[in-house]
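Feature list (source: TrEMBL):
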type     : residues              : note
BINDING  : Lys77, Lys101, Ser355 : substrate binding site
ACT_SITE : Lys113                : active site, proton donor
SITE     : Asp153                : site 'Important for catalysis'
BINDING  : Thr196, Asn227        : NAD(+) binding site
Amino acid sequence: MNALAATNRNFRLASRLLGLDSKLEKSLLIPFREIKAKTFFFSSFFQVECTIPKDDGSLATFVGFRVQHDNARGPMKGGIRYHPEVEPDEVNALAQLMTWKTAVANIPYGGAKGGIGCDPAKLSVSELERLTRVFTQKIHDLIGVQTDVPAPDMGTGPQTMAWILDEYSKFHGHSPAVVTGKPIELGGSLGRDAATGRGVLFATEALLKEHGMSLSGQRLVIQGFGNVGSWAAKLISEKGGKVVAVSDITGAIKNSNGLDIPSLLKYSEQHQGVKGFHGGEAIDPNSILVEDCDVLVPAALGGVINRENANEIKAKFVVEAANHPTDPEADEILKKKGVVILPDIFANSGGVTVSYFEWVQNIQGFMWDEEKVNNELKTYMTKGFKDVKEMCKTHNCDLRMGAFTLAVNRVARATTLRGWEA
Ligand SMILES: NC(=O)C1=CN([C@@H]2O[C@H](COP(=O)(O)OP(=O)(O)OC[C@H]3O[C@@H](n4cnc5c(N)ncnc54)[C@H](O)[C@@H]3O)[C@@H](O)[C@H]2O)C=CC1
Ligand SMILES: O=C(O)CCC(=O)C(=O)O
């Protein structure tokens, strides 16, 4: 099942539990706006030419998207992904997930997502800058501080946000709050870089506590060692969790006694990946999700836990640091096996929550210290977990439906309160 079908299914199940009427259900499902920024070779609505000169003088064309899903609770919010597999349906699903995620976190935003179908590893820094600037020129009048606020996702980071800010500011004047996840020097928030991984730590601690356990001594496996995976590994290992296997696009490594995460972080920065790290044995990256462990943390791509591998998963808990890592069929299989899944729209909400803090700081023109950022994040994550658990009790459902019913109810109430007048 593709990401959009899976997200729509979870929404409909939640809507049924909440007894929403069909008009409201339809309104919540259809994106507010889909913006397609395309090269002149394609003909499609919102068509724009997005061609960049490559360093060798040839021209290259790429397809970019921004899907704005819902703004009932506030400006739309969500990352921009650079990856070869970026395509409209997936961006659409990710935008919808952002609406539910911001509602679970109870921050005053709706949801959006964007992306460009490209392989950032095959582009030079100056090519990436040109591509980001051209993309921003195509969408600058559709994003804005009170409209739609982009942020980093896979394949993008603070530098990408700096280019967007600079390009946007040429049209609209200096507007630091138009993007979050910026470099600190340009108004970024202390703690944003680590925030999604730190949120994963808080979420995992809350889940284990609920089951009468602590992180200390738990064996964890993490797929993905980029922004989210590496910060999660660092912070979890600092709290006594034993990270026994890690993978990224270059390969996978395992050490049953626990990997030395500080050394692995240094190694992967120097070698652009975990492959070849001497503190563990190389394993097949395809087997990382079925390695023996207590907690499995997918922190890379969507759809990786599916009917092909769900039966083989040995973890007792899955903490969804990535967006949509678990296919609905796998969800059912894991449920039958008694595996507890902490869903993405709560587990990885630490990033967008600190993005919200960044936006607030930019609007106030006042910078928080890192301790305040981290303490506030913990407060939001703790409250989020409690709210999700309460919905589980009310609707007698699992954590995913608990999170979905919480979110859909909040967005449905905001939509209804704003009224239906045209
Ligand atoms: N950056 C953020 O603040 C947030 C990110 N997320 C989600 O977390 C996930 C990871 O995002 P980031 O860490 O930001 O991206 P990133 O680009 O910093 O890192 C991605 C990591 O995944 C690895 N990877 C890619 N393909 C892989 C494969 N086939 N097998 C194993 N590893 C593979 C890469 O090598 C890299 O280590 C994505 O699903 C993203 O949507 C969710 C919430 C916030
Ligand atoms: O920080 C943000 O605004 C959004 C991050 C994001 O794309 C996500 O949570 O999936």
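Glycine too: its Cβ is placed from the backbone N, Cα and C atoms.
TrEMBL annotations: computationally assigned, not manually curated.
Remember, predicted model here, so these are calculated numbers, not experimental data.
TrEMBL feature annotations superimposed on the structure.
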residue	record	Cβ neighbours (10 Å)
Lys77	substrate binding site	29
Lys101	substrate binding site	29
Lys113	active site, proton donor	31
Asp153	site 'Important for catalysis'	26
Thr196	NAD(+) binding site	28
Asn227	NAD(+) binding site	22
Ser355	substrate binding site	29
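When Cα-Cα distances from Thr196 (NAD(+) binding site) are compared across the recorded positions Lys77, Lys101, Lys113, the shortest belongs to Lys101. Proximity to ligand 1 at the level of Cβ atoms, with a cut-off under 6 angstroms, picks out Thr196, Asn227 from the recorded positions Lys113, Thr196, Asn227. With a CB cut-off of under 6 A applied against ligand 2, the binding-site residues Thr196, Asn227, Ser355 are reduced to Ser355.
In three-state terms derived from DSSP, the residue listed as 'active site, proton donor' belongs to an extended strand segment. Counted over all residue pairs in Lys77, Lys101, Ser355, the record's binders of substrate, the longest Cα to Cα distance measures 13 angstrom. Nearest by CA distance to Asn227 (NAD(+) binding site), out of the recorded positions Lys77, Lys101, Lys113, Asp153, Ser355, is Asp153. Cα to Cα, Ser355 (substrate binding site) and Lys113 (active site, proton donor) are separated by 14 Å.
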